[in-house]
Amino acid sequence: MSLRVRMVVLAVGLLGLAAMLVAAFRKLPGFGGSWHPYGQRAVETALGRHTSNVIASINFDQRAFDTMGEQAILFGAVLGTVVILRTTRDERRVEPEPARVPAPLRRYALAVLPVTLLTGLYVVAHGQVSPGGGFQGGVVAATALHLLYIAVDYRALQRVRSVPLFTLADAAGEAGYPLLGLGVLMTGASFLENVLPYGTLGTLSSGGTVPVLNAAIGLEVAAAVVVLLAQFLDQAIVIESEDGEQGAGSVGDGDGRRGEGGAA
Amino acid sequence: MADDLPIVLALLLVTVAGTATVLTRDPVRQVFALAGLGLALALLFAVLQAPDVALSQLAVGTALTPLMVLLSVRKVRRKARSERREEHE
Amino acid sequence: MNGWLAAACALLLVGFLPTLLAMCTGSVRRRVLAQNLATVLAALALLLLSQGWARSSYTDMALVLAVLGPVGTLIYERLLGEELRADRPSRRVTRTMTVLSVAPVPVVVVPVCVAATPGRTTLKLLFIAGLLVAGSALCTRALTTPPGGDGSHG
């Protein structure tokens, strides 16, 4: 195809897109209006199922199947990062050096670590009641763990952070979601249908399956972020390329096999 | 119009921070513009009554994104430093 | 539009916007200090907004920001340590930044506390205020004290 033909095809495509966008925009409801056909139905359904956070009801109940695909995206992204950032044959792992962190900074970070972890768990647990949920809380909880690296050093983080364990937790959260859906299928209802008792509106025990699915997502996201940051931290601190190390005049003894263990 | 003032303000903040992020070339300095953009976006989501999205933005943009960018910068710099040393020898 | 929303708008325009500009320009040192201040101001604006809409559950946004804001600053201090140490701000800058980031907290939180229905929300607001004051004050100090003074091996 010549350049000209290509440009013509592109122009036709762009014109078609523009026409369809204009047609779509003309029928949109006005900005900031209080009425919306979907909004009304979603809110009604959410309140009918005793979930005061309508967004959580939409994400984990009314269209829980979509969320299953969304969490698979994160899982796939982290998996890809693990593969790309693994230790390759021409790289070696070195011992991380201890770091000197000013004492007040260290004390503050260590004091704030449990607070951050608790905030993350709080956001996960209250997903069906107030804004938040598995993703938001999971990220906060995973950030809490990395305060160990900020407050002390990488060795302290490595001591409590077993990457294989977190990889397993990631997979367990990822698998837990469809397994819950299959469990629902066993009861005779359709996939991921909200079959648990709805509970009391506005309390922790409300929303039926919403908090359970939220917990699965929270586990998956927290573990995924820990695994993801482990790759970045390893690359920045532990992994060195062979030639670079020799160039620095250090113990470049050419023991290439040491680097083949993989990043995990 | 007065009711839309918070939305207009938040949009203005996003515009300023977004433009600054694009115009900054040095990755280390860009991290701060990006963090500012994250805060502005969170405020925009909040005034548009989307607290769930704002929470996601805050959770990811405040600590996680800067950490990942700065770790990448550290890796690149370390590599550049050892390569420079190699040239000197 | 009520007084709380107007106050939030004023805070965004007079406080947050200049801080945002300071974050996007100048030296790394200035950007870190501005970033610390910006998280405090954004958290306070979120508190004002949630009070303006009378949605106490929206305070969760301010809570998460109050927890993670100082963590972000500590990340910069940890990973940009060399650059920051070479360029420590003067005592006066430190004092100004500490005052700027600590003073607005009670100014905003006390009226919101008084206006909010007493109970769990009040406790949460006070908790957020405590986190903001401790976090920003300590981070500003950490960014200005010479390292290794009383540090130890990890």
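Cβ coordinates come from backbone N, Cα and C, glycine included.
Annotations in TrEMBL come from automatic prediction, not curation.
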(request) Can you dig out which of the ranges A:13-30, A:175-192 TrEMBL describes as transmembrane segment? (result) A:175-192
(message) Which sequence-distant residues neighbour the transmembrane segment (A:212-233)? Criterion: at least 6 residues beyond either end, Cβ under 8 Å.
(response) 56, 60, 64, 67, 71, 74-75, 78, 81-82, 85-86, 120, 124, 127-128, 133-135, 137-139, 141-143, 145-146, 149, 154, 157, 161, 163, 166-167, 169-170, 172-174, 176-177, 180, 192, 196, 263
(request) Would you mind listing the long-range same-chain contacts of the transmembrane segment (A:135-154), meaning Cβ under 8 Å and 6+ residues beyond its ends? (result) 96-99, 101, 105-106, 108-110, 112-114, 116-117, 119-125, 127, 160-161, 217-226, 229, 233, 237-238
(request) Looking only at the domain 'Na+/H+ antiporter MnhB subunit-related protein' (A:105-226), report the model's average pLDDT. (result) 91
